[in-house]
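Report on the following structure.
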């Protein structure tokens, strides 16, 4: 055991302990990479787990749910379903998001309080003399408030809540609190008859949870349901609801995870670059061990132990940091990372032990892979050859033709991968193309650096610059390590900032076009519970300041266009006046033609809908409206960035006729020239003073709010980019620091030849600045290629939105200057520190 302990100290522990700051930097980089990967996974996994629990609790022991295809179910369907021979029991439910005071929304669930315990559990608090009288639960506005909702709204039993239902304000009275642990803890529960009465939805249901006599007879029940309800209802299962959300969010979650993995790969590259330089300095030790008889494989295994230690330490720290970040994300965002998928979900942190093990092993693997290349590079060849100083650099300088060939093959393969379709909705081939482009850039870095150094126009009088150029020419492989670190970090910055800038620019231009009205009045988040009274908006239409009014209706269709029990998200439908010239100017038709006035059954489908369901101009769609499958013709494809899973645009009069829904939840006001918008807005506020669920905003406010939501949805992406770029920049500076230490003998000789400390610092600043500047230029080229893949392949296949590539020139120029200045300043400080050392001692040590 003692020889093993001595070898561990000499080959693993001593190199790390001898340079604690360098070792700490490598371990911290691994820790950050592991933390980002783990935290993002745990936040999303917690949200999905909480959603699955909520769906399971809502469905209870029923394995089948009847849901409306559009709008609501007719209450008369309930007794007819209960009468079917396949049905053991059926439980109705009503759901709504009710706007309450201070802009908050209260989720309300209406159920049969007496019978529901058999399927979903007991919501009832203690009844009787000391508890809640059952008759109180049946009074209009009576609610049982969940514990979390009571705390959020500051309400106790006996208190009241002012809510908005349609055009009428109503008062909700808290008659009691739900038992602790109830899944609806952030909402309110009402008796279903009370809910229908209070929410002005008499005769309507949102779902019917069915318990079948025999689960194997589900197909027979589906046939009978089709006979009873036709296209007005569809069947679902609890597991399908969870699968639907998983499918809806898969691309977003995967892209975030891949970006986090890029940060971990950047950390692995940092380990590679620093250990390459560190092991080069210890080459004589390895040579002695080889001459003394240590086998190559055994020496390699001991040297890999250095990466193993870094990986273990970094992974442990990363898991702890990842848990803290995931907990903060879940508590602050409720499981929503900014994209809006889980916005109203009350999530709880859910982290499995096997996830921790997997992420820990991933961090160890990244560190070991970063160590592998320098280890193999230092153990090959005989011990005598390895002892010759300078042989390694000469050996590594060979193979320019091979590098060019490999880089060419990588770029060609990347080009092929960009032509492949998505796999299971994920741009797997696009991710592979990105890795190949980055690999090609790293292969070409030493060759490009040597060509760059040769082409530098340096005069004979600039001795410090000549020394810097000679160093780049004399040891291009060593200098390329620092260049490569700068390349990777800057390429990531270029790629991600270009993707976000392209997306944001497209969304902003689309908002500028589609928000054509001067003022908008919109219903709140309550959806079915809030709309604009017809008499009110028709009165506004007659105001002399209003040149034209455009009434909107937006609805969701729970519809599977592929014709199966699918897991797709609901399709959004917007009904508005298509005969208005302002509407025609606000909508960009990408293919096809604008529906003419006589084409009452013509619709426009969004680009996402067309690609998701293969809809072509001229196709006929069977759309469930008003309980029947209505045949609508696709007139054209329009550009839409508001809804990710398919959006239909149709004339409002046609929609009202087919769906039987004449409600309006948004109006756009086109004002006469010279109208005082401020005065008109105050008049609107007075008109809607008794309708607090409505929101009045001008186009600029909506645009600003939309862009704020966009920026929030990319907040995590910004953080990941900053972390990865920071790790890369630290790697560049640490590589320069290790090189300066390795060359202290050379720098000391410059002092003997007459260089002052300032001259040494200046030469190092030139070299480091050129390294950073050229790394940035290479990163710009590589990043441009990666950006094109992100925008045209990854984004296109993930979200089905076509975008132009738009580079943020100002941001990239500023980032390049910062990179150049940072590396130049770092080189000056390192050169100054080495120049101040006693040259006699430095040469003696060397």
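Each residue's number is its place along the chain shown, starting with 1.
Any Cβ shown, glycine's included, is placed from N, Cα and C.
What TrEMBL says about this one:
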- 26-227: domain 'MacB-like periplasmic core' (DOMAIN)
- 258-278: transmembrane segment (TRANSMEM)
- 258-376: domain 'ABC3 transporter permease C-terminal' (DOMAIN)
- 299-328: transmembrane segment (TRANSMEM)
- 356-376: transmembrane segment (TRANSMEM)
- 397-417: transmembrane segment (TRANSMEM)
- 429-452: transmembrane segment (TRANSMEM)
- 479-500: transmembrane segment (TRANSMEM)
- 480-686: domain 'MacB-like periplasmic core' (DOMAIN)
- 715-741: transmembrane segment (TRANSMEM)
- 719-833: domain 'ABC3 transporter permease C-terminal' (DOMAIN)
- 770-791: transmembrane segment (TRANSMEM)
- 811-831: transmembrane segment (TRANSMEM)
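Long-range contacts of the transmembrane segment (429-452) within its own chain (CB-CB distance under 8 A, at least 6 residues past either end) are made by residues 258, 397, 400, 403-404, 406-408, 410-411, 413-415, 417-418, 420-423, 472-473, 476-477, 479-480, 483-484, 487-488, 491, 495, 770, 774-775, 778-779, 781-782, 785-786, 789-790, 793-794, 797. Below 8 A, the CB atoms of the transmembrane segment (356-376) and the transmembrane segment (479-500) form no more than two pairs separated by six or more positions in the chain, fewer than 3 in all.
Between the transmembrane segment (770-791) and the transmembrane segment (479-500), the number of CB pairs under 8 angstroms, six or more residues apart, is three or more, so the stretches are in contact. Tertiary proximity for the transmembrane segment (479-500) is limited to same-chain residues at least six positions away from its ends with a CB under 8 Å from its CB atoms, namely 259, 262, 266, 269-270, 273, 276-277, 434, 438, 441-442, 445-446, 449, 471-472, 714, 717-718, 721, 724-729, 731-732, 735-736, 739, 767-768, 771-772, 774-776, 778-780, 782-784, 786-787, 790-791, 795, 805-808, 811-812, 815-816, 819, 823. Per DSSP, the secondary structure of the domain 'ABC3 transporter permease C-terminal' (258-376) breaks down as 95 helix, 0 strand, 24 coil. Using DSSP to sort the residues of the domain 'ABC3 transporter permease C-terminal' (719-833) gives these counts of helix, strand and coil: 101 helix, 0 strand, 14 coil.
Restricting the average to the domain 'ABC3 transporter permease C-terminal' (719-833) gives a pLDDT of 82.
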